[in-house]
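Below is one structure, written out as structure tokens; the observations come after it.
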Amino acid sequence: MGFLSRLAEIMGFKKKEANLLVIGLDNSGKTTIIDQLKPEDKRSRDVAPTVGFTVDRFKNNSLQFTAFDMSGQGRYRNLWEHYFKNCDGIIFVLDSSDKLRMAVAKDELDQALKHEDIMKRRIPILFFANKMDLRESMTSVRCSMVMELEKSIRDKPWHICSSNAKTGEGLHEGFEWLTDTLKSMLNDK
Amino acid sequence: MHMLRRDKKEEEDGGGNPFHNIEKSSVLQEARTFNESPINPRKCAHILTKVLYLINQGEQIGTTEATEAFFAMTKLFQAKDPILRRLVYLGIKEMSKIAQDVIIVTSSLMKDMTGREDQFRGPAIRALCSITDTTMLQSIERYMKQAIVDKVNAVSSAALVSSLHLSKCSQDVTKRWVNEAQEAVSSDNIMVQYHALGLLYHIRKYDRLAVTKLVTKFSKHSLKSPYAYCLLVRLCYCLLEILCFVYFIRTDSPMFDFIENCLRHKSEIVIYEAAHAIVNLKNTSAKELASAVPVLQLFCSSAKPTLRFAAIRTLNKVAMKHPAAVTACNLELENLITDSNRSIATLAITTLLKTGSESSIDRLMKQISSFMNEISDEFKIVVIQAIQSLCSKFPRKHPVLMNFLSSVLRDEGGFEYKKAIVDSIITIIEDNPEAKEAGLAHLCEFIEDCEHTVLATKILHLLGREGPRTPTPSKYIRFIYNRVILENAAVRAATVTALAKFGAHCEELLPSCIVLLERCLLDTDDEVRDRATFYVQTLKQQQKSLKSTYILNGLQVSVVGLERALHHYTMEPTETPFDVKSVPLETAPITDSKQVREPGEAGGQKTEKVAASRQDIYAEQLSSIPEFANLGNLFKSSSLPVQLTESETEYVVQCVKHTFSHYIVFQFDCSNTLNDQVLENVTVHMEPADGFQVLKCVPCASLPYNKPGTTYTLVHLPEDPTLVTGTFSCTLKFIVKDCDPNTGEPDDEGYEDEYVLEDVEVSVADHVQRVMKPNFGVSWEEVGLENELEDTYALSTMKTLEEAVQNIIKFMGMQPCERSDKVPEGKSSHTLYLAGVYRGGHDGLVRAKLALSDAGVTMQLTVRSTDPDVSEVMATAIG
Ligand SMILES: Nc1nc2c(ncn2[C@@H]2O[C@H](COP(=O)(O)OP(=O)(O)O)[C@@H](O)[C@H]2O)c(=O)[nH]1
Ligand SMILES: [Mg+2]
């Protein structure tokens, strides 16, 4: 078995799996998003605040995802970096209604982008401007401006879309982009 | 191919252990594989096993390395492989104490704990509880409660046992899970029931009343689980022992009845547990024993080796305490001598040795010699201990026993084993003057090739004390001096001290001892050099008193007390020099077991921690009471509490006396056995004897049912230094409040009442602290004739010398020296030597020459002291 997988590596790696890292401030909706992506019978009805992290696996467009859903509470944010090394893509969730903490979110994003395990790698970053259903929420364009995404991310593919994790609205669009980007990157290798 | 060959070679080297030569740094390097994806479960499981193996071997892993490995391991949560996942749980538990930020896995574990995979749930709970601290506990509380009553037994058990561990530091939270635990006790599963009962006990264990209730309740229930029964038996045993310890009584109690009923339980382990409890109870009566011993007897002939082992081991332990009960099983024990299980055979033989007659010793010794090489050190020690107790029982047998000991001393064996042998030889030497020379010779031979520093220093200390007083001291010098040339610093230091003792005691050896000591003046080690310099200077003075005080009899202070006094001294800058007389003297440690005394001789090499004695503990307690802050250092606490009430009365009071240089503090430990009363403001009113003056009472604020409390009375000693004894009549005074027996809630109104207690005596012994003078003769000469008093008494009530000796020791409260408390068999005269320090720091020595006559015992009592008043007080103690 070891021999075969080694062979696959040599023959041009066609990995149908991808590791995702789901980060963002606490209460932004990360766990709810991941839950929404699972088949209906496997979803958990009430989402408790995450302590540390959980791992989830789900399929989307013939790609098998393993998502590390990290806790966004202050105490755990500096532990994100332990999981930077071998992720193939990042999902950064913003609470688009939480204008007050947008600056904190930007700060955390910049920290992550500066990290050596992220900086040198061309990994795709998908932003969800979540909780679009709330009245005080900002549009995805507005969010990307406040976060200065254009300016901060120069050498990585990124995309932002509005979402409502409770209904699943917008998630599909985001994942479409992520899957396509990952597939093309894998093929390019 | 290459791999195969290497595996084979590894196998040869490591005796089949595949992890034989793994190395920490490379394993931690390999652990980085956990970060790779996709995960290779088999490979990762193998690496993780190695990590676990290392940790379990006691390998120290630094925080940074451990944290890195831990976070790498958390990535393995993405694999569903059950073997790997369960290894991860183990890894989390093992690393929870060495890595940082381990709470990162909290949510992952909670997911598994509530997930669909039953086989993950129990282990996830255990891992979760090992990473959870008190602050996080609240967030998992709900899940823990659910898990305790889960219908899957393994989950319920895991939650119960984990709660038990959590309750050690988070009592408050786990207390709230009592209802769930109660529910789990009624489970049909024997493990769940046992674990639930265990948790209920742990939640309450600091509240004796609550434990009693728990035990009473469940001993009436019909529990299903034999393990739960065993736990109840153990709890009953502990409660009975506490009752016995606190009140010195054991009434017939339902708890004992419960234990006795368990003797008829259908499960063997319950029966065994009950029998074990009964024979181990401190005050078991012959009748009670008679119910338990037949059970053990039966087990001795069981077909199951575990039962035979358990039974014989229990009998072995109690053989000295209840010889008659054990001899009843002699037939069974004889059969076990040839048991194919060597452990059982060893225990059988040693039990027989302990209880058997003198005539059977030779036969049994032969038997045991035949397989001494086949048993483990642990059981060899059992054999040695049996031999040690034989020596004091049959002193005449010492040649056989000593021979055996000297031959096993030459065999291979670990430290504990060698130590047991050496201790036994020392005990024999001390008990048996005739065995002394042979014993010392064996020990001399042993230190010639002894790898254990502790034992070598101990033996050198013994040689220094005993050697000079043998007929030919010179023959030991060579053995001792050889150590200076061949050994490490600690042993050399002990050697120097031993040599100095020969020089101090034996005039004719003094010049050569000085020469030998002078060779140590240039030793490479500070301690050795310092000791040598000190001894050479002291010996050259040629003064008796210097030799006695600084070489032969040494310092006799409590180490804990010295530490405290020095600390105190350094706290306040002062011109006055430190006064060693202010340091409390060394008193016997709390354990009353008969152990060889060994003053801390080998500087710093003592491995055992210096135990605080009972008196050190009292001193600590008294000094925390503001009223007693200025009494000075505690000089002596009376050893056994005196009962001031009959047993089984409404109130139980006992008294301990604490003597200071000008005061006595009477400590009254009281308990209230009426469950419908609370006593408040409890004091003991003392009617003072002549010259004594009651200064103060420190009341016990409240004395509820069954919770002991303490009140103190402070008394000033008479100014007249010869007025030291007296009788005090005592009355317990208090306010009674009636209360509800169930809740303990007292009424608002109370009334004053009192209760007459027995009188308290203050005797000479209360003013004298025991002190060991290893070389009594030298001290006797040193104190001299100046304040000597002598008188002759007829002790008409004493029928034997032994009785007289015991009574004199008790009256005087002094330390018997030179083992003179032992009266050799068949002698009609005997001399007792006693040493002590009188309150205020003056040495007091007593020589009592006793002779047996038709009219009892006559005694010529000679007292010497550095103070005339002390001589007078001591001389009148007996009168
Ligand atoms: N109204 C609204 N609430 C949401 C949405 N997504 C998540 N939430 C709620 O936000 C809270 C936090 O969600 P959670 O997934 O735990 O956030 P996380 O800390 O980022 O994992 C929960 O109460 C969710 O129900 C959304 O799109 N709209
Ligand atoms: Mg979350």
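A Cβ is built for glycine as well, from the same backbone N, Cα and C atoms used for every other residue.
The GTP binding site annotation in TrEMBL covers A:Gly24, A:Leu25, A:Asp26, A:Asn27, A:Ser28, A:Gly29, A:Lys30, A:Thr31, A:Gly72, A:Asn130, A:Lys131, A:Met132, A:Asp133. The Mg(2+) binding site feature in TrEMBL is assigned to A:Thr31, A:Thr50.
Cα spacing between A:Asp26 (GTP binding site) and A:Thr50 (Mg(2+) binding site): 8 Å, rounded to the nearest whole number. In the vicinity of ligand 2, defined as a Cβ distance under 6 Å, the following of the binding-site residues A:Lys30, A:Thr31, A:Thr50, A:Lys131, A:Asp133 are placed: A:Lys30, A:Thr31, A:Thr50. Proximity to chain B (Cβ-Cβ under 8 A) holds for none of the binding-site residues A:Gly24, A:Lys30, A:Gly72. Cα to Cα, A:Lys131 (GTP binding site) and A:Thr31 (Mg(2+) binding site) are separated by 13 Å.
Of all residue pairs in A:Gly24, A:Leu25, A:Asp26, A:Asn27, A:Ser28, A:Gly29, A:Lys30, A:Thr31, A:Gly72, A:Asn130, A:Lys131, A:Met132, A:Asp133, the annotated binders of GTP, the farthest apart have Cα atoms separated by 21 Å. When the alpha carbons of A:Gly72 (GTP binding site) and A:Thr31 (Mg(2+) binding site) are compared, the span between them is 10 angstrom. A:Thr50 (Mg(2+) binding site) sits 23 Å from A:Asp133 (GTP binding site), taking the Cα positions as reference. Close to A:Asp133 (GTP binding site) in the fold, though at least 6 residues off in sequence, lie A:Asn164, A:Lys166, A:Thr167, A:Glu169, each with a CB less than 8 Å from its CB.
Here the Cα atom of A:Gly24 (GTP binding site) is found 11 Å from that of A:Thr31 (Mg(2+) binding site).
The binding-site residues in question are A:Lys30, A:Lys131, and the one with the fewest Cβ neighbours inside 10 Å is A:Lys131. Annotation note: A:Ser28 (GTP binding site) sits in a coil segment as assigned by DSSP. Counted within 10 Å of its Cβ, the other Cβ atoms near A:Ser28 (GTP binding site) come to 26, all protein chains included.
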